[in-house]
Amino acid sequence: MSARDAVAGARRLVVKVGSTSLTSVDGGLDVARLDALVDAVAARAQATQVVLVSSGAIAAGLRPLGLPRRPRDLATQQAAAAAGQVHLTHAYAEAFARHGRTVGQVLLTSHDVVRRGPYRNARRTFERLLGLGVVPVVNENDTVATDEIRFGDNDRLAALVTHVISADALVLLSDVDGVYDADPRAPGASLVREVTGGSDLAGVRVGKPSSLGTGGMASKLAAADLASGAGVPVLVAAAADARAALDGAEVGTVFAPHGPRLSARRFWLRHMAGTRGRLHLDAGAVRAVVGRRRSLLAAGITGSDGDFESGDVVDLVDPRGEVVARGVVAFDAEELPEISGRSSDDLPPEQRREVVHADDLVPVVSPPDPVPAEVSSS
Ligand SMILES: Nc1ncnc2c1ncn2[C@@H]1O[C@H](COP(=O)(O)OP(=O)(O)O)[C@@H](O)[C@H]1O
Ligand SMILES: N[C@@H](CCC(=O)OP(=O)(O)O)C(=O)O
């Protein structure tokens, strides 16, 4: 089955739409475009469970706060998101109501999907919302997300949500009708219709995001690479072509799936941007953790650095200093020196547990095909 057919036939679908497709350049929601998008999604949602990941909170907050352009500092971005998210959700609720559908707002930070408890909650909530026929409308919880726990861009968030709900396909909608081999604002750029491996992207050059977008095409490529590399077909298309895209028409750029599907927590652990510290492992621990997929015990740790707390994500490093795995640590940084190198029998009962449980651990593999980063400055 082709990736376009997979999108058309998906029983569960994640559709992500970017700020540029929902807002006008001077800030403020473009309700006509939002309505048109909702018409397309609602038509599809009759036969398919659809989760909508929508950007646009910051852009929608500019006008209400009297801001002339997208702010650069995090605090003002967060304030704009707080004001804008209200308008965004309201507009979606009204637009879907015209189709007799209810929306549910889901705001996530990366902690909510890395930590086991919140992850299970989020997954359960999605299942329940979908079971009730509600269309979940997801965004990053911008007001509380700090630099360390940000997804950073909604393309990545959408790739992750696709895994959280085990969706069959991911559609990334933007103001551009697919991936071009060069910045489409420059003359002569042509559309790449299908990506089956990194070689299809070898000649692709990526320019800056539009003035309202966050990640630009580079982040869409990275998200498409993450999702398709973990077994999910991806389509990048124009929001204006949403209906055709969701019907499997020959629009946009498709990324064929390759690689095994990972659980969402492992997917995120492997690909998340930042970690809070490092645990140094001896050779035996590396063999146990990477080779035999065992939990990491205190006995195999030779040292640690960083300022982490129990529940944070840390890198696991081999004796040569290479990162070999990532995992959720079950101790605070200050407890590690006291327990490192000691066998479980030597530890007091309250510390006799895995430092990183096997379920919270994923080996790190380097990506086979590099994704183009932003190169031009148009
Ligand atoms: N090689 C490329 N192919 C397609 N679009 C590109 C490319 N390089 C830069 N872009 C720009 O990326 C923009 C889309 O990213 P962005 O502004 O972040 O949108 P969104 O808000 O939809 O996430 C388009 O407006 C396009 O001009
Ligand atoms: N969470 C932010 C959007 C972040 C983002 O990735 O934006 P975009 O590049 O337009 O998809 C917001 O709602 O404004």
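Yeah, the Cβs are placed from backbone N, Cα and C, and that goes for glycine too.
Listed features, source TrEMBL:
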BINDING   Lys16, Ser174, Asp175, Thr214, Gly215, Gly216, Met217, Ala218, Ser219, Lys220  ATP binding site
BINDING   Ser55, Asp142, Asn154  substrate binding site
COMPBIAS  343-360  compositional bias 'Basic and acidic residues'
DOMAIN    277-356  domain 'PUA'
REGION    337-378  region 'Disordered'
Next item on the list: Give the number of CB atoms, excluding that of Met217 (ATP binding site) itself, located within 10 Å of its CB.
Entry: 28
Item checked: Among Lys16, Asp142, Gly215, Met217, the binding-site residues whose C-beta sits under 6 Å from ligand 2 -> Asp142, Gly215
Checklist line | Of Lys16, Asp175, Met217, binding-site residues neighbouring ligand 1, Cβ under 6 A | finding: Asp175, Met217
Item checked: Neighbours of Ser219 (ATP binding site) among the binding-site residues Ser55, Asp142, Asn154 (Cα to Cα, within 10 Å) -> Asn154
Item checked: Rounded Cα-Cα span from Ser55 (substrate binding site) to Asp175 (ATP binding site), Å -> 13
Item checked: Spatial neighbours of Asp142 (substrate binding site) that are distant in sequence (at least 6 apart) but have CB under 8 A -> Ala57, Ile58, Gln77, Gln78, Ala81, Ala82, Gln85, Leu107
Next item on the list: Within 10 Å of the Cβ of Asp175 (ATP binding site), how many other Cβ atoms can you find? Include all protein chains, please.
Entry: 18
Next item on the list: Specify the secondary structure state of Lys16 (ATP binding site) as given by DSSP, simplified to three classes.
Entry: strand
Margin query: Measuring Cα to Cα, how many Å separate Met217 (ATP binding site) from Asn154 (substrate binding site)?
Written below: 12
Checklist line | C-alpha spacing of Gly215 (ATP binding site) relative to Ser55 (substrate binding site), in angstrom | finding: 11
Notebook entry, point to check: Taking DSSP states H, G and I as helix and E and B as strand, how many residues of the domain 'PUA' (277-356) are helix, strand and coil?
Noted result: 25 helix, 25 strand, 30 coil
Margin query: I'd like the Cβ neighbour count for Lys16 (ATP binding site), meaning other Cβ atoms within 10 Å of its Cβ, all protein chains included.
Written below: 28
Note to self: Check the DSSP secondary structure of Gly215 (ATP binding site), expressed as helix, strand or coil.
What the structure shows: coil
